[in-house]
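Features of the protein shown, as given by Swiss-Prot:
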type	residues	note
TRANSMEM	14-34	transmembrane segment
TRANSMEM	56-76	transmembrane segment
TRANSMEM	99-119	transmembrane segment
TRANSMEM	139-159	transmembrane segment
TRANSMEM	173-193	transmembrane segment
TRANSMEM	208-228	transmembrane segment
TRANSMEM	257-277	transmembrane segment
TRANSMEM	286-306	transmembrane segment
TRANSMEM	343-363	transmembrane segment
TRANSMEM	372-392	transmembrane segment
TRANSMEM	399-419	transmembrane segment
TRANSMEM	424-444	transmembrane segment
Amino acid sequence: MSKQAQFNKHRVAGLLVAMGVVYGDIGTSPLYVMKAIITGQGGMQAVDEKFMLGAVSLVFWTMTLLTTVKYVLIALNADNHGEGGIFSLFALVRHRARWLVIPAMIGGAALLADGALTPAVTVTTAIEGLRDVPAYVQLFGASQNTIILITLGIITLLFMLQRFGTNTIGKLFGPIMLGWFTFLGVSGFVNLVQDWTILRALNPYYAWLLLISPANKVGILILGSVFLATTGAEALYSDLGHVGKTNIRLSWPYVKVCLLLSYFGQAAWILGPGQAIQGHVNPFFAMLPASLTMAAVIFATLAAIIASQSLISGSFTLVSEAIRLKLFPRLLTTYPGKAVGQMYLPVVNWGLWGVTSMLVIFFQTSERMEAAYGLAITLTMLMTTTLIYAFLRQKRLPLIGAGLLTGFFATIEVIFLIASAAKFWHGGYVAVGLALLIFLVMAVWYRGEQIVRQHNHPLSLRQYQDQLAKLRDDQTVDKFQTNVVFLTSRMDGDQVERKVLYSILDKWPKRADVYWFVNVTITDEPYTAEYTVDTLATDYLVTVKLYLGFRVRQDINRYLRTIVRDLMATGRLAAQKQTYSVTSGRDVGDFRFVIIEEKLENGSRLSRLDRLVIETKLMIKKYATTPAKWFGLEFSEVTLETVPILFNEIPALPITERQR
């Protein structure tokens, strides 16, 4: 096969992957956008030609300005070594200003909240299409309860399958979504040819006319429904690392054309002869021939499942990045698939399932879900715009240029936020409340880390080198282990956390041949795996600094094995011959890892607010995974110790001896 043929093969494969991974959310929008718009106006009987021209024009220009220009053309350039998404962007610009962590946390929390609502609204809307199938109505009737049960069954099965990975079935996502977009385009085009005049909506004049028209019953609030057409744009940016910007940019024109054909086709059908339908209908299913409705429902359900899968996988990635950026507590993470970056977080998975299921039961219908959908994601988009401004300034774009560009998009997004704010009382409070809860967890965790760092001052290993050497040779002290490893969250040269030396010398003197001090630094690059080592001119003290990307698994034990071999190969660490071993020629001694847990003492000198933050952080920590599991030490020798979180600031309590 020639190089050109190989390139074309890989390019086609990349485009198919992009279809299956990136466009699930935005690709299911035609299921409910036009329905939400006409429902807000009062139903089919309340719309006319001017209204539909304005509505489709708003959809077209929203997709063009926000999805195409902001995300596809601009945001995809703000990649962190190929990775996208709000936390990858934050990792890229966080050194510019401390306050940038606030929009990152708000945006990330809102995106996670959106991840719970998307499966509910997309799957429910798809299944509700069964009402247009006569055979289904004859068998089960038109009861919404049956729709809810089917929806809950599909959602539950989807979340149950997450623990097994999506390697095999994931290969089908691309072809299925390619077929879905083609179906959208063809079905829309068939109806569009009945009334080409709807193409006048390409003129933004009609969009403006609708916004100011007295015939528009909801005024600017119509933008809350229009915005649903572009909610998947943020997911598009978040999935950059899975497919690459080139594949997204090459596949987006086809996807956009198919989406627009569906929207324009639905509008043409609504304005067509004989469509004076009373009440609320879904034009997406209603415009199809009756013989295709069942096939369309199956196709739409598959697309909704794929869209939900993308949001679930994206939520796993988002939380994983937040953990490594120390914005979220450590959660148990497994890697069921062979693909790079594929992960499974049980707490996130079942938490999403619980919230999604409750949303389906609470809202009952897709119409009510649509009324609540989109509010949270407008916040994420606005926060992403804020971080893009910092990125553009970092790239030396002049202040005026960066301000005008991001200010333009921020203005649009603020307008959409105001329009979507009306959704708060119609169910939007659920998404906002969930986002607020996630944000508070992030804020408490981040602030708690800051407080501990501010109050715990490091100590120099060189200053205590003589004591450590003496302890090493002191035969009156029982040997703790050949190699003892301390994981320290803070290390600068020979400076380590005070609690580490306190553990070795004060709490329980630990005699060992070699003392290891290991620190993990999370880099802004996603897949870094490097280390530095310093023996401090001794044969018994070793400081190791691991530099791991924010998407790299922190499997400390396995990394340490590699480092030990490297040190022995270069003569910096003496061989530790073993008398007893089932491994022939083993020259590495036994290891024990010491993990030091921190507790808050009653006497700590903290303000009430800081104390509340620390207490809340420690409470949250109880539900997080253990450090041993997080650092891959489940099968290693591990000792767990407890020290006061701020033990160097606890004053002695006065007490007087009673005279006899």
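Glycine is no exception: its Cβ is also placed from the backbone N, Cα and C atoms.
Remark: the transmembrane segment (56-76) makes no contact with the transmembrane segment (343-363), by the rule of 3 or more CB pairs under 8 A. Nonlocal intrachain contacts for the transmembrane segment (14-34), taken as residues 6+ away from its ends with a CB within less than 8 angstroms of a stretch CB, comprise 55, 59, 67, 118, 121-122, 125-126, 170, 172-178, 180-181, 184, 188, 225-226, 228-233, 235-236, 239, 242-244, 246-248, 250-251, 255, 259, 262-263, 266-267, 270, 282-284, 300, 303-304, 306-311, 366, 370.
Away from its own ends, the transmembrane segment (208-228) comes close to residues 29, 32-33, 36-37, 39-42, 46, 48, 50-51, 53-55, 57-59, 62, 370, 373-375, 378, 415-416, 418-420, 422-423 of its chain (Cβ-Cβ under 8 Å, at least six residues beyond either end). Long-range neighbours of the transmembrane segment (139-159) within the same chain, counting only residues 6 or more positions beyond its ends whose Cβ lies under 8 Å from a Cβ of the stretch, are 119-120, 123-124, 127-128, 130-131, 301, 305, 308-309, 312, 349-350, 352-353, 356-357, 360-361, 364-365. In summary, the transmembrane segment (372-392) does not lie against the transmembrane segment (173-193): fewer than three C-beta pairs, each 6 or more positions apart in sequence, are under 8 Å.
The transmembrane segment (99-119) makes no contact with the transmembrane segment (257-277), as judged by fewer than three Cβ pairs under 8 Å among residues 6 or more apart in sequence. Contact between the transmembrane segment (173-193) and the transmembrane segment (286-306) is supported by 3 or more Cβ pairs under 8 Å, counting only residues 6 or more apart in sequence. With a cut-off of 8 Å between Cβ atoms, the residues of this chain six or more beyond the transmembrane segment (257-277) that come close are 26-27, 29-30, 33-34, 38, 44-45, 47, 49, 52-53, 55-56, 59-60, 63, 181-182, 184-192, 194-195, 198-199, 201, 229, 283-284, 286-287. The list of residues near the transmembrane segment (343-363) in space but at least 6 beyond its ends in sequence, with Cβ under 8 angstroms from a Cβ of it, reads 115-117, 119-120, 124, 148, 151-152, 155-156, 159, 162-163, 165, 312, 315-317, 319-320, 331-336, 369, 372, 427, 430, 434, 623. The list of residues near the transmembrane segment (286-306) in space but at least 6 beyond its ends in sequence, with Cβ under 8 angstroms from a Cβ of it, reads 20, 24, 27-28, 31, 119, 122-123, 125-127, 129-130, 132-136, 154, 158, 173, 176-177, 179-180, 183, 187, 191, 265-266, 269, 277.
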